[in-house]
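Novice: So TrEMBL says this about it:
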- B:Cys332, B:Asp334, B:His503, B:Cys518: Zn(2+) binding site (BINDING)
Amino acid sequence: MNNLTQMTRLEVVVPARDAPAIRELITSAGATGYTSVSGVSGIGHHGQHSGALLFNEYDTLTMLITVLPPDNAGELIDAVQQLLSTSSGVMFVSDTYVSRPDYFQ
Amino acid sequence: MNLILRAQVATAAHDIVPSWPVESFIAVNPLAGHEPRPFETAATPGVILTRSRDSFLADADRGRIVDADLEAALVERVPELGGQLTIGGKSVSAMSVAILDLKTTQWNSPAAAEPPAPWLDEYLATWVSSYLNPDPLWAMPHKRHGFYRAWRTLARWDPALPRTARRTVVELPVEPDAALAWALVKLGVPAEAVTQTLRTELQHLPGWVSHIKWRAEKIGDIDLLSYLSVRLTLQAILGLTGLPSPRGPVRADETPSALWHRAEHVARSIGGSRADRDDIAAVSRVLVTHPVPDHALTWQKAYELHYLATLVDTLRDTDPFTPRPQLQLVMCIDPRSEGMRRHVEVLPGLETFGFAGFFGVPVRFSRYKARGAINSLPALLTARHHLTEHPTHPAKAEDHIMRGRTRDALRRSTHRADSGTVTPFAFAEVSGWLYGAISVLRTLTPTVQARIHRFLTPATAALPSNVTVADAFTLEERAAMAETAVRMMGITQFAPLVVLAGHASESTNNLYQSALDCGACGGNPGAANARASAAIFNDPAVRPLLAARGIDIPPDSFFIAAEHNTVTDAVTLLDQHLIPQSHVDAADTFDRAQHTAAKMLVRERAQDLPGASPHSPARVQGRAHDWAEVYPELGLAGNAAMIIGPRQMTRGVNLDRRVFLHSYQTELDLDGAALETIMTAPLIVAQWINHQYYFSALNPATLGAGTKTIHNAVGTIGVLAGHAGDLRRGLPWQSVGLGDQLFHEPMRLTVIIQAPLGNIGRIVSRNQMLRNLLDNDWITLTARTDPAAPWHRYTPYGWTTAPTALKGT
């Protein structure tokens, strides 16, 4: 596809206080980076979440996005799944395509 | 790296609450991991949730809990309780039967005792302490390789381990992940039991474990994986399988015979010998709805409702209209500010407000050319803006700083001399006479010694300077912060002089100094934030932007920062060089008013302060300099409620310095945005503080830090009780009790709001942490739309009218 390389994209939405554990797993998995979006809003299994709060980053939701080669993604997916088995949060996994694969390896 | 194992460690540690170092003490709910579940399920090993039955019965005897409170508590906790019974020919209500049962049925209060530490805990505590101590006499080698690898390298020479174990250490895997995996296999832990095994292991040394969790997130020099690697490999090497797991209280169901016996006792108490089997059966049908294990929390609820009823009864709309005030004082929501506000309001034309003590300006602050910086903002936020100060006379400041650095160098060299291996002997010979004399002076006349010290070492803070808000924030950010502060406080008109007073405590030889400073400023003094906020409000570029947003600050309004010293109760104006000549008289008027208020407040506080007398206020204030004083002040002891609403609700009412007061006016916040900010930030900080006091009072051995008298500092990280063992969490006993008696009444935070119920409900609905706290009974919420409206209580099913006790019937 237009000289693009297939990668695996993980999006994880968790309470901000749980985000350090997810970040630690992402970096331990060898991902070269991630994007963190704090204060995300929406409605989910635990009801409504209002999004960014002016003076409280601790009790909001954070979305972490990372992209890594499909061969390296399996273990990270299993680990995040393990972590989310007993705490609130969601993970979305999808194929994605990147133009500069060396950035993600 | 073993990602699955790392995820299992993170899962096992999920409910552990990070513990901040004592140098920037952050009050937290030590059981915050349980907040998504009902309060009554939060009992953990060695932790109790309420006081004893005897304490509650004593409260009932002295009228602190009355039958109306018990009835209101039962209505909330057992809504199905109702109807009439006939016992021995007497007609009685089911409610009175349940109340009689509460007063007569025995239940044992579990002890909040600290379990004895096994050898492994003591061994690990020593290693962790050595590894993390920031100021050791001898630095631990190999620290740069991480905790597990440093231990693995050094343990081969550790005489505390058997020789065979030392030989095995050499053969352990080099990486902590691999070592932990190896240990789990060696210990025979099946894959499905790994997380639970790790969770059990993390229940040991809870103080160190919670600090390691904080450290892993904020500093990164240690994490729980490396800690568990050392712990479990040691168990595997030494064959320490099956370590006792601290056990939590087990709730046993009541047997039918016990229920019958209980019902018989109550029936005979009411109907005497005329009570027959049918009567006893009828009583048992009532009592089965309120089992004995629930009694403790019903008593607790009644205890809290009594306070709420008393508090609400004192609230009134005292002063709905005031002309433009001549002076306004904005203080932190901290309950200690309530006393100062009440006394200073005696001055006609003075209006006060309550606002989070960081004044909506979250900064990392460093003094002019200082080496370190403090995060002067709530722990809920991350520091993103660096604030410092520029002296108005740079040459003088440089000279001052040079002298200060010389003093520091001298101090460091004497510290090295008195903490070396051999040098202390010679140092004592040479300088012992001088230090001996200083010690005598310091002990017998601490105030004089403090004056001499201040004269010899003037602080940088004494130099006139300006804070660099324009460098730290853009103009738009400054205007937004000012607008937010005004809307949150509900200020509708501005006085010619507006004083923004942060607060700080002052004590000597007190490892818990930070716990007495401003919680909204991350356990730091609030002066920097007050100065920054005043500078923003005075900024001529900010005012037009505020005017464009509908906030007109008159040109003659000037904002000045101040600091409330909570030990001496002096409110000192800061940056006085900035006061325009036109406002000097107003500043003098304020100064006189605060001076009078301080005198009154110190006398008032002396009535509660252990060993103090209202007749000697100077001695109360002198505690700031007394290095032997374990009660410099009582901090936030007694905190029980938070009121969010206009000052008119509380002005003129003595709230005994027990209430967090946040000003709020619905009229300035029609969409509820400011109220949402208050309920999701200042309220959360107040709840953290409240639960810290609550659990430190009930569990001084496990969730509190125990008595100060045996504390030893581990650098600036925390304290040990004695020379070794677990890092202590929570507040010292001297923050909550005296002798063997509590002076802090452990009550969950009662939140009172004056705002439209629909706005409050919507805010709760869209914020999970508020739903957790309210639906699970960690805090309670009582509200009314306006002064003329009735009080309502929040329940998970909607608003209900106030319970019986609240109506005062």
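A Cβ is built for glycine as well, from the same backbone N, Cα and C atoms used for every other residue.
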Novice: Quick check: with B:Cys332, B:Asp334, B:His503, B:Cys518 left out, which same-chain residues have Cβ atoms within 8 Å of the centroid of the Zn(2+) site Cβ atoms?
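Specialist: Apart from the listed residues, the neighbours are B:Met331, B:Ile333, B:Arg336, B:Ser337, B:Gly357, B:Gly502, B:Ala504, B:Asp517, B:Gly519, B:Ala520, B:Cys521, B:Gly526, B:His564, B:Thr566.
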Novice: Tell me, how many other CB atoms lie within 10 A of the CB of B:Cys518 (Zn(2+) binding site), whichever protein chain they belong to?
Specialist: 31
Novice: Around the C-beta of B:Asp334 (Zn(2+) binding site), how many further C-beta atoms are within 10 angstroms, looking at every protein chain?
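Specialist: I get 29 for this one.
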Novice: Please give me the CB contact count at 10 A for B:Cys332 (Zn(2+) binding site), counting all chains in the structure.
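Specialist: Around the Cβ of B:Cys332 (Zn(2+) binding site), 30 other Cβ atoms lie within 10 Å.
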Novice: For B:His503 (Zn(2+) binding site), what residues in its own chain, 6 or more apart in sequence, show a Cβ-Cβ distance under 8 Å?
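Specialist: Same-chain residues close to B:His503 (Zn(2+) binding site) (Cβ under 8 Å, separated by 6 or more) are B:Met331, B:Cys332, B:Asp334, B:Arg336, B:Ser337, B:Gly357, B:Asp517, B:Cys518, B:Pro525, B:Gly526, B:Glu563, B:His564, B:Asn565, B:Thr566.
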